[in-house]
Amino acid sequence: MKRDGFVILDGAMGTMLQKSGLSLGERPEEFNITNTSVISEIHSLYEKSGSEIVYTNTFGANRHKLEGTGLDIESVISNAVLAARSGCQDVCVALDVGPIGELLEPNGSLSFEQAYDIFKEQMLIGQKSGVDLIVIETMTDLYELKAAILAAKENTSLPVFTSMTFEKNGRTFTGCSVESFVATAEGLGVDALGINCSLGPDEIYPIAKRIRKLSNIDIIVKANAGLPNLETGGYDLDADKYCRYIVEIAKLGVKYIGGCCGTTPEYISKIKKALDTLYIKEKNNIEDKINNKRKSIVCTQSSSLEIDSIKVVGERINPTGKERFKDALINEDMDYILTQAIEQLDEGADILDINIGLPEIDEPKMMSKVIKAIQSVTDIPLQIDSSNYEALEAGLRVYNGKPLLNSVNGEQKSMDNILPLAKKYGAGVIALTLDEKGIPKTAEKRFEIAQRIYRECEKYAIKKEDIYIDCLALTVSAEQDSAKETLKAIKLVKENLGLKTILGVSNISFGLPNRDLINSTFLTMAMENGLDLAIVNPASDQIMDNISAFKLLNSIDKDSQEYIEKFADFQEDDEKDINKSKIYRKKNKSSGNKEGISIEEAIEKGLKEETKEITKNLLKSHSELEIINNKLIPALDRVGDNYEKGEIFLPQLIKSAEASQEAFDLIKERVSSQGKASVSKGDIVMATVKGDIHDIGKNIVKVILENYGYNVIDLGRDVDIEKVVDAVVKYDIKLLGLSALMTTTLKSMEKTIERVRKVAPACKIMVGGAVLTEEYALKIDADYYCKDAKKSVECAQIVFG
C-alpha cells in the first residue's frame, strides 16, 4: 500500500451479496462457509476496480450476533480472510468489525468489559488468520467504540482504523459529536479515523470537513450511494454523480476513500480514475496550519470542552473533611454523589474533579462505579483524581470520552507509572510541580520540575496540548510569600513552555477567616498570570462573579453576552436581589435532600432513588392517576421535547425513563395491593420484522413507551409474520409497532402489514427504522411513521387517548 496520495478502499459487501443471491433472512457471514467462492469473486472485482484495501465479510461476525445460528465465529472469520486472500493478489486485507448489536450500559444491559471481551475474540482470530489491519466501522456509540479500540490495541500489533456513522446534524444516534469522536479516537491511538454509512457523499461532505479540521491523523470516508430507493431496493446516486461528490471530499485532504451501502465495483473504478488526477493535501500547508491549530480538549460522548480561556473545575466530589460524603461512599449512596455532581453543574462548573480516596472502600471499584453513575446523568467532562494507580486506571478505562488525569509529579517513579496510563487512554494529564524533595519554595524551581515533566511527556508522545501544569497554591497563613511564587511560576510556564495551567485555588486560604475573599482575589491574580483551569467551589458567588467579570474585561465574553444575561436584573442599591445566572446557575441550588428537589426535576436528571422516595411521599396525599397525569407524564414530555430539540441525547433520555420507571413500579405495587384496576394505558405489540436481526431501536422505543405507562409485548427480532398476527389477535391489540433497519427487510414489513390488515383491520400500525421514510410508510399502508421514540409515544397517545 502506497504511503503517499489517496488510498482506495472497497465498496459495499452487502449490496454485492444481494446481487449474488443473498436471500431474505440469510446472514452475509454464512456465505463465508457456504459460498466462499462468491466472497472471493467480490473481493477480486473490487481489486480489479482499484481497491487497495478490502474489508473482510465479517461485519456481523461477533458471538452476540452469531448466537443461535450454529455458525462458529473462528470459522466465519478465518474463512472470510481466506476468501479475501484467494480473491486478491496485491491488496491489504482489513478485518471488518461492526457494532455488537446491543446497547452498552447505562443505555443497555451489556457491560463495557463484556463488550471488550466480544471484540477481543474477533481481534485475536483476525490477527491469527493473517489480516493486515483492523477496521472498526459504522459505530454509533463512543463507549462501544472505545471498547473495540482497546480490544484491538491491547491484543494485537495491527494498525487500527475506525469510522463512526453520523446523522445530518453531525451526531450519531446516541448523541456522540464529531468533536468528541475525534478527540477520543485520536487519544486512544488509532491510525486513521472517519465516517461511513448512513449518509450520501453530499451530506457527508460538511461532516468530513469538520473531521479534517479537528484531526491530526489520516481521514477515512465511505459514503452511501445517496438515499435508499425503497421501491427498487437500490440507491439514488449512480456512479457518476457519486464520484463527483467524492472528488470534492477528496480535495479536503481525505486519504482513505471508498464506498458503503449501494456502492459497487463500478463506483470504485470511477473513484480511482478521478482521484488519479488529484494530489492529497499535505498537512503542513498554510490552510491546514490554520485549521489544525492544536486545541486542548476534554470531552464526554455528547459534549466537548475546549480549554481556550479560564474554566471552572468543581472540587466538591471529595471526601476530605466531609462526613456525609464519606458515609455516601461507604454505603454506596450514589444518589447523594450524583446530587453533588448535578449541583456543581448547575452552579457553573465546566469540569468535575472526582476524588473518592477513602481507606474504608475499594477505591478502584468505587471509582469505576462513580464515574459510570455521573456519566449516566450528566455530560460534563471529568477529572479523575487519585494517588492510587489502580483507581486511576479503573476510572480511565470506563470513562466515556477524553478525561483529565490528576495527577503526575516530578518524581521519576510517578512519571514512569502515570504517563503510560495517560498515553494509553488518551487523557489530558495534570502535572504537579513537586518531586521527591517536596514542593520548591521558588517559582524557578517549580518551573524546572514543569520542564522535566514536559520532556518526559515528549518521550511518550503525549501532545503538548494535553499537558496541564499545577504550580501549587500553598497556605498563605503559613508561607505568605508562597502566593507570589505560585503566580510567578504560572507566568513562567505560560511564557516559556506554552502549556496549560491548573490550580487548586482554595488551598491558599486554609485556616484564615473570610476564605471566599482571599480565594476570589487570588484567583483573579492567577487568571491575570495565565491560569486556564481553576479548581474551586462553584457554589461561591464571589468566585463565579469574579470569573464573569474577568472574562468580560479580557474580551473572552464576546459582546458581553454572558455577563449581561447573568446580571440582567442587578439592582445597584440592593445587591442581594441579583438574579442568579441562567448560564452559571441554571436552577436554584437544592439542598440535596428529598425536600430540595421535585419529582419532575428528579426524573429530568435521571435520579432513581430520589424519584422513588418522592413518589412514596406523593402517594400519601395523591391518587395514582394524579401522579401519573400531573407529574410523571409532564416530566417525560419535557424530557422528550428536550431530546427532540437536541438539548439532551439518548443516554439522558433513557436515564430519565428509568427514573420514571421507579415511580410507575411503586404505583403498580400500590394498585395491585389495593385490588384496583391496572393503571396501564394500553397494550402495544412490538417486533423487528422477519429477516432483520437489529433491535436496538425497537428496544429503546419499548423502554420509553413502558415509562409512559403502556404495556409493551415485545416479540423480539427476526419475527415471523404469523407470530405477529397471532399476537395482535390474541391480545386484541389496538397499536402494533414494527421495526426494520435494512432495505432488504422492508418487503417483509410490507407483507406483515398486509397480513395484519386482513385479520385485524382496526389495529393501528406504526413503523420505524433507519431506512424508512414517511413516504414509504404511507406506501406500505402504515398508519404512522415514527422517526424516533418520542414520535412513538405521540402515536400511542393518539390511539389510546
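Using N, Cα and C of the backbone, Cβ positions are placed for all residues, glycine too.
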According to TrEMBL, which candidate in Cys92, Cys176, Cys197 joins Cys260, Cys261 at the Zn(2+) site: Cys197
Neighbouring C-beta atoms (10 Å sphere around the C-beta of Cys260 (Zn(2+) binding site)): 30
Binding-site residues compared (Cys197, Cys261) - the one with the fewest other Cβ atoms within 10 Å: Cys197
Helix, strand and coil residues within the domain 'B12-binding' (681-801) as assigned by DSSP: 56 helix, 24 strand, 41 coil
Mean of the pLDDT scores, which run from 0 to 100, over the domain 'Hcy-binding' (1-275): 94
Residues close to Zn(2+) site centre defined by Cys197, Cys260, Cys261, Cβ within 8 Å: Ala12, Thr138, Thr165, Asn196, Ser198, Lys222, Ala223, Asn224, Gly259, Gly262, Thr263
Three-state composition of the domain 'B12-binding N-terminal' (586-679), taking helix and strand from DSSP: 65 helix, 0 strand, 29 coil
